[in-house]
């Protein structure tokens, strides 16, 4: 469910704003001055909605619309093609997402939810509170770029531009442009399509720019940050499996998990998945050490069928299994750190026969899905993790970027990387959602202009074209509403 403090703050804040607005408008002494102030500043208030409009940027829009007319014609023509394709593609994508959501509801399993391309985002539920600033700034920039496309395209098609504005609805910021409706109705359907498709086209291009910046970030930051030599720890969850005096610390450079090399964050995740899916790694130990370290207690079987041979009170020893030429399976209680510290990894005894000294491959005897993992982060001694591998993945945050100079902080690349990811996801989502043939979205006007441009010779009656468009809009609106409703239910009620 949505956290109660978040609901209280949002609803309470809007109640204060709306009550203040009502009191000022009800006052005979303050009403005229207050309404005059709102009008002069382009402000409008309604429940859970505040809107601001200005003409300060009209010259900027007009100047951009006069830059290189030939390029702008090609640019917005490409946007026309993209917008029409996106309109049909958004219906396919929303239908696929709806089927995936219904399948998850029927199976009552959350698995696979991360595979969905589109997901409903609710701050405080599936959006970390610590990343709210990234979210709101990215969605505001996406909205401004979206409306900038509409405004420039409209001026290029000789449609009067009245002004630009911004708004906040509940907690979500956005932007809009005010165009002269009569001029829009007088131009051709193709010209209308260039204007209506410009918003989703600019969102798509912003998504491409943000994705390119994300991929080229190591190149941009190369003079200040290096990559490819390990994964730098930026945060360790307090009380987690990675914390403690022998654990990871902020600023540590992880270079290896067992025999799996780590050159970056992607390798870190890959190695953890690999170790969790494969059998437990063994370690080479000299035979003489094994003879001196026979099981100190009786060997007994756990409930899951694995064997235990150490006393319950020991914190440093661990039960290892091994085999020799005489017996297939033996057990010994050995000090875990001493056994693993400088040992080679192995699977069989033959992996350890590389010198004149006889060695055996000892494997920790652990419960199902539990793994013993040696984490190398020089110059500190190795961290030994014992537990479920995904817990190690959640215990620490890492980055690919390693500062070249001491005065640089590793938070800068993380912030840029996170912001680019939000721009990619939110601008891309805005392009998809706005292209849906749905009432009150760009898709409504894209569909109407598309039908006028393609069906005017086949369906001569304008009323019939409008009726066809109405039923398509009704289906698109239902599809979008079903996705939003079920998406909200999936993340709040489960």
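Including glycine, each Cβ sits where the backbone N, Cα and C put it.
Range annotated as transmembrane segment by TrEMBL, chosen from 39-61, 108-130, 200-222: 200-222. Annotated by TrEMBL as transmembrane segment, the relevant range among 132-149, 240-257 is 132-149. Transmembrane segment is the annotation TrEMBL gives to one range among 1-20, 161-180, and that range is 161-180. Here the transmembrane segment (161-180) has long-range neighbours at 10, 14, 42, 48-58, 61-62, 123, 136, 139-140, 143-144, 146-147, 150-151, 154-155, 195, meaning same-chain residues at least 6 beyond its ends whose C-beta is under 8 angstroms from one of its own. The transmembrane segment (200-222) shares the most Cβ pairs under 8 Å with 422-447, out of the stretches 71-95, 132-149, 422-447, 467-491. Note on the domain 'Peptidase M50' (134-466): its mean pLDDT in the predicted model is 89. Long-range contacts of the transmembrane segment (422-447) within its own chain (CB-CB distance under 8 A, at least 6 residues past either end) are made by residues 83-84, 86-87, 89-91, 93-94, 118, 131, 134-135, 137-139, 141-143, 145-146, 192-193, 196-197, 199-201, 203-204, 206-207, 210-211, 214, 469, 472-473, 475-477, 479-480.
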